[in-house]
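According to TrEMBL, the features are:
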type	residues	note
COILED	A:646-673	coiled coil
DOMAIN	A:687-901	domain 'Histidine kinase'
TRANSMEM	A:6-25	transmembrane segment
TRANSMEM	A:37-57	transmembrane segment
TRANSMEM	A:69-86	transmembrane segment
TRANSMEM	A:114-134	transmembrane segment
TRANSMEM	A:164-181	transmembrane segment
TRANSMEM	A:202-220	transmembrane segment
TRANSMEM	A:289-313	transmembrane segment
TRANSMEM	A:333-366	transmembrane segment
TRANSMEM	A:387-407	transmembrane segment
TRANSMEM	A:419-440	transmembrane segment
TRANSMEM	A:447-469	transmembrane segment
TRANSMEM	A:502-524	transmembrane segment
Amino acid sequence: MINNGIIIAFTFGYLALLFAIAWFSEKASVKGRHLSNHPFIYALSLAVYCTAWTYYGSVGRASTNGMEFLTIFIGPSLIAPLWWIIMRKIIRISKIQQISSIADFISSRYGKNITLGGIVTVFSLLGIIPYISLQIKAVATSFETLRTLDATPLIEAVPFFQDTAFYLSLGLALFTILFGTRKIEATAQHEGMVMAIAFESIFKLFAFLAVGLFVTYYIFDGFSDIFTQSTAQGLDHLFLLNSGGAGTSDWFYMSVLSMMAILFLPRQFQMGVIENNNEKHLDTAMWLFPFYLLLINIFVLPIALGGLIHFPTGSVDADIFVLALPISFKQEWLALLVFLGGFSAATSMIIVSAVALSTMVSNNLVMPLLLINENFQKRYQHRLSSVLIWTRRIAILCIIITAYIYYREISAKFSLVSIGLISFVAIAQFTPAIIGGIYWKKATRVGALMGIAAGFMIWFYTLVLPTIVTSGYLPEDIMTVGPFGISILKPYALLGFESMDFVSHGLFFSLSTNLLLFATFSLLSVQSSKEHNQAVIFVDIFKYSTILDTSIVWKGQAYLPDLKSLLHNFLGESKTKSMLDDFFRKRNKNIGASEYADAELVNFAERLLSGIIGAASARIMVGSVVKEEEISMNEVLGILKETQELKLLNEKLKIKTSELKKASDKLKNLNERLLLNDELKDEFISTVTHEMKTPITSIRAFSEILLDEDLPEEERKKFLDIIIKETKRMNRLIDQVLDIEKFDSGKQKLNLIETDIRIMILQASDSVHHLFKERGIAYNINIDLPEATIELDEDRIKQVLLNLLSNALKFARGYVELNAFWQNGTIHIQVMDDGPGISDDERAFIFDKFFQAKNQTQKKPVGSGLGLAISKKIIEYHGGTINVERKDSRTVFFFTLPVHPKITLAEKANSYDA
Amino acid sequence: MMHKILIVDDEPNILLALEFLFKKEGYEVYIARDGEEAMGIIDEKHPNLVILDIMMPKVDGYEVCKHIKSLHGEIKIIFLTAKTKQSDIEKGKDLGADLYLTKPFSNKELIHKIKVLIT
């Protein structure tokens, strides 16, 4: 029959089987066959959720609370469809940020904060170690039950070295150390462990289904038989929803609680996130995992009812029904299978939890504390990787041993019925910080810290404290009348909430306070730039997946060899080289291009380290080689402002450039005009000389004739007369040139005298009258002016009049008319002739100097070519205007004289120069 | 047979002086006050030599020169002008003038050059 030896042999044999599975998987993995990278394995590994507490405890809970046990499975099943949204995001963040645990996740999100990571680690230990001890207790109890074949074993107080549970614990610790800390990267997958866990999931399901079938179809005649018998025994309240002990609100709380547990229990996070190889595995897990939960729960109620029917009330602990039923029916081999199923459920939980917790302890508690110490850093900087791995191994051992001690010293005295749920409530405290952290950018470190701390305090007060009281360490008064007699502080009935189940009560108060403080302090506090960076990355992870390294605001410099040697310490030389080569190749950068690492490379290195020692520690390590300047939000704003200012400066520069361009254009223009002026002057001089040569030519020719020839008196006189005339002509030309030069340079002065214009006009007309008569041209004068005198230079104005009249005379065919009239305070004088007129394009230049000679070889039949130019100057000096137009086939020259002309010579002169 | 000379200038006094000089030398002299008039006389009288001013009303000396060269290649041409710029001189020579003389001129020199051209 089954004896002690057989049980122990099977137990350790089972453990050996786990070792073998893990070992072979790892072997296969080295050869490139990644067995664990399969959606079914992933879904099965998630079934680490079902622990010994589920295996034995569900039946126990169903025996007292009926269907309520289902809530623990309804929650995960309900949340499973949301995995695609929540889990996928968490997985993506964790892969990209190289996150190694739930503590690391929270710490990373809130600016890679050490405090937060440490607190989460400590609270996780507080929440989970009792849970592990519960597993040990389940194993010990079931072992004892099987060994004694007694359904109600009394665990004798044997020294620990005689206690099988102790050796089992050590064996588990060994397994965990071997397969959970093989690689230094905490983010690396433990393929052997995952395969072993998946196997355990199948094994515990198989064992539980076996006992379920045995109870249902061997002891009873199927489901209907059990339920009929139960109803007959008055147990129907256990499977009817409306008559169970639990209120509907408790169902709600329990479901919500287990929803959070399935996501954030350290072992779930380990399996679901860290060990995940492919986000797509979620697709399968979303249906397969709930299906697994359904299968493992089908027989819970039948076994519970069967136990209640079979065993006299109270004679057997309902928690052990699963094992007690086969034993009482003498099915010892089945009982052994059931024991091993429970053992597998317990071990899977212990192994995965220990791995997850040890990672947290090493990466978020021990390393940050060690690394803060610079002396330590200096002394161990080349042995950090072994420090790290041994920290993790010792942590595993400590956790399991602590759990064992807890089981030995405390669990025996405590009521452990709800330890699993209490553990769930502890883990639920991380929910606001995580969910808020990935969907709310404004969630801050202070908010997370306050929320989690407050949540835990209430958790401790409402859920842990009562167990201590029950154990007799504290006076019962606290529970019955409240601490210091304050009834609203009774741990099970805060603020007078008495009707709730104590777990729901604890969950409600701890989580609502947590949430309130988290939200309030997040709104009140300000994020640092680092924190803000992380917040943005976490919330918008799907945007940042690819451009992460470059998207970080960071300033500082890292000496590349320093950074490399840091990576060597943790990754080893060859791995460092291959990672860096990969980095440079992917970014098309030259590895030797600079001896300084840029921000992108520093971030890459930090993430690599992050995966090994956790985000906060990685930051410290990288910080030690990077001359990083702490960037405050103000500095970020400063950088932005600088950019803004640079932009402004650029803008200003642009304006300046355009101004400069304008100025240079102006200068160019001026230069051109000066050149033009120069050209004009050259042209003027060349024209003047040309004009002068004409009379000189005549004078010389005739002088030579007179010199050479003996001419008759008459001819001699004629030629001499020509010489004199040509001399006069030259003199006139010289006068005119000097005149125009004076006007142009502003040196000309007007000789202003009170003049009667009417008289002046008549005098001028008189002097040309005979010329008109000679050419037979009619000449009419119309004067319509009041009798008044105005100040003007009479000679100059007369000069203008004569110039216009003589021009008219030259071109007129038969008629010339002079009109003088008064209009709008000015005197208007027109000289009209019926000549051929001036073409439109020439009209604009007619008042220019030597217009007739300009740019052409054809001479116009106009005098010196200076007359009109001088006339224009004279009129303008008087403050008037002169112009020409063609009207009714008449050429009309007209000028105006203001009655009170403001004559400012200097002003005029300037304007002409320009 | 007497050589025929056409003088083209818009300055009456210069015409007068040159006419006097050439007649005294025994040439048959024609005068024109502008380019248009000059071309008419050239086509009609076929002078041996044309004394050409450049700047004249209606048609300038260059045009008259082109006219002569295209229709009466044998007629000699002397530009007699106040334009002393090198570019003007080049242009005149390019158009095929035999001489380019500038005002004011020496009577004797002018007569001498004419004689060299037409004897």
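Just so you know, glycine gets a Cβ as well, placed from its N, Cα and C.
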If you count Cβ pairs under 8 Å, which stretch among A:6-25, A:37-57, A:114-134, A:164-181 touches the transmembrane segment (A:202-220) the most?
A:37-57
With an 8 Å cut-off on Cβ pairs and a sequence gap of 6 or more, do the transmembrane segment (A:69-86) and the transmembrane segment (A:447-469) reach 3 or more such pairs?
no
Any contact between the transmembrane segment (A:289-313) and the transmembrane segment (A:6-25)? By contact I mean 3+ C-beta pairs closer than 8 Å, pairs at least 6 apart along the chain.
no
Is it true that the transmembrane segment (A:164-181) and the transmembrane segment (A:6-25) have 3 or more CB pairs under 8 Å, sequence gap of 6 or more?
yes
As a test: from A:6-25, A:37-57, A:333-366, A:419-440, pick the stretch that has the greatest number of Cβ pairs under 8 Å with the transmembrane segment (A:387-407).
A:333-366
Return the average pLDDT for the coiled coil (A:646-673) as a whole number.
83
Quick one: do the transmembrane segment (A:6-25) and the transmembrane segment (A:419-440) have at least 3 Cβ pairs under 8 Å, skipping pairs fewer than 6 apart in sequence?
no
Below 8 angstroms Cβ to Cβ, which residues of this chain, lying six or more residues outside the transmembrane segment (A:419-440), approach it?
51, 53-54, 57, 86, 89-90, 93, 102, 105-106, 109-110, 120, 123-124, 126-128, 130-131, 134, 254, 257-258, 260-261, 263-266, 447-448, 451-452, 455-456, 459, 463-464, 467, 503, 506-507, 510-511, 514-515, 518-519, 522, 535, 538-539, 541
